[in-house]
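Input: a single structure, listed below in structure tokens.
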Amino acid sequence: MPLLLPYSEWKPWRERIRHFTWSWHAVIMGTGVVSALLHNFPYHNSSLALKVMAIVFLLLNLTLFVFVCICTVLRYIMFPEIWPLMLSHPAQSLFIGCFPMGAATLINAGLAVNQDWNFGGRRFLYTLWGFWWLDSVVSYAVAFGMVYTMMVRQDHSISKMTAVWLLPVVPLIVASSSGGLMANALREHSHTLALLTTGFSFTMVLIGLSLAIMIITVYLLRLIIHGPPDPSLILSAFITLGPLGQGGYSLLVNGQDISELLPLHIQNDFPQSMLAGQMIFATCFSGAYVLWSMGICWIIIAVCSIARVRRLNSLPFGMAYWGLIFPNGVYSLLCVQLGKVLESPFFRGFGAAWSCITFMLWLVVFTRSIPSFIDGSMFKAPYVPDFPPSEQEETILDITRPNGTRTPSTVGSHHIHIAMVPAEKFSESEKLAQSGIPV
């Protein structure tokens, strides 16, 4: 396949909007985590060059976020019939979880600018705190809303399962780490607000990690019974690294906060004993180290799975490649944070090396995405049909549901009739293909 399609095959913008999926928010996540890695790089951390580069990535990410949000809103305004189709899709609907995670990276980057450059002062800090609360509410809504949707509206089975199942629950973990960073900044202004933020963040990370570890366990069962996923799904293997890395990072950040906030009053019994905060922090460190170790395990499994599938099949470029960046980035943050807590040269060096790998990965994927963005080949929703260029501007989609009712889409003068066949009529291979991530 050529790097850039002929001009005659480029998708018009109306068609690109129609195929604009929630997976585009993974671009925000990947770019945002690179900004965080630059801000937290373990060597020469006070360097002006690193701080300026972090701001450049923040501005780039903010531009991308505005573009992606505008396209997402336009899609459901122009093509409202796509919303129920998207919610019914067992894989693409789960990418809604990328939205609050991408927004959280922007909040973190804004907080870093506020703390490093005193940009906006206390007023900007409290504005970011308000955005964090909004992001947390959205994260809860996505987590429980999508888990409920998976139960009652979608067709799932162990044989079709992928690590994408984790996407709805990881936003809780990501928002909790943002809360830990926020509480650290709030502590000098309000001890009460910092303690409130830390307590709320602890609740989120524990809920998110509980759900994520359950799903990862089922995913391991799926790999043992059915083997690695097919080529269109195999890159999602690294998603398991996301909740482990982000969860460990969140535990360390919030644990450090609580060690400095407690006890409120010194007494003999927990939680008012003098060592109460340190006891909680020690527990958090133990949990973070367990998650770091589990991450090593899943890196090995993911690399071996991808290598095996790559040896048998090609892996054409698509949006799935953006799913590699954020999980590796947050695992790098966990390594760097462990290096800070332990003052360990090993973890500092390991974190720096993994950060560089993540940055190179972002650079390759971003560069390769440019021609695919220009010709429109990256705009592909598997539940929306493609049409020849001559018909892309004038197509009407009529969907016949099992009960015989029809849902029209008034886009033009042509009629495409798609019968909604019950899931049980498909073979296992057809079901697997239907749940795939576009490549």
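Glycine residues also receive a Cβ, built from the backbone N, Cα and C atoms like all the rest.
Now, the feature entries from TrEMBL:
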type     : residues : note
TRANSMEM : 21-41    : transmembrane segment
TRANSMEM : 53-79    : transmembrane segment
TRANSMEM : 91-111   : transmembrane segment
TRANSMEM : 131-151  : transmembrane segment
TRANSMEM : 163-183  : transmembrane segment
TRANSMEM : 195-221  : transmembrane segment
TRANSMEM : 279-307  : transmembrane segment
TRANSMEM : 319-339  : transmembrane segment
TRANSMEM : 351-370  : transmembrane segment
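Ranked by the number of CB pairs under 8 Å to the transmembrane segment (163-183), the listed stretches 53-79, 195-221, 351-370 are led by 195-221. Segment contact holds for the transmembrane segment (91-111) and the transmembrane segment (21-41), given three or more CB pairs below 8 angstroms at sequence separation of 6 or more. Taking Cβ pairs closer than 8 Å, the transmembrane segment (131-151) reaches residues 87, 90, 93-94, 96-97, 99-100, 103-104, 107, 165, 168-169, 171-172, 174-175, 178-179, 182, 197, 200, 204, 207-208, 211 in its own chain, all 6 or more past its ends. Same-chain residues lying 6 or more positions outside the transmembrane segment (21-41) and placing a CB less than 8 Å from one of its CB atoms are 50-51, 53-54, 57-58, 60-61, 64-65, 68, 71-72, 86, 92-93, 95-96, 98-99, 101-106, 108-109, 112, 116, 319, 322-323, 325-326, 329-330, 332-333, 336-337, 352, 355, 358-359, 362, 365-366, 369, 380-381, 437-438. Using a Cβ-Cβ cut-off under 8 Å and counting only residues 6 or more beyond its ends in the same chain, the transmembrane segment (195-221) has close neighbours at 129, 132, 136, 139-140, 143, 147, 158, 161-163, 165-166, 169-173, 175-180, 182-183, 186, 240, 243-244, 247, 250-251, 254, 257-258, 261, 264, 291, 298.
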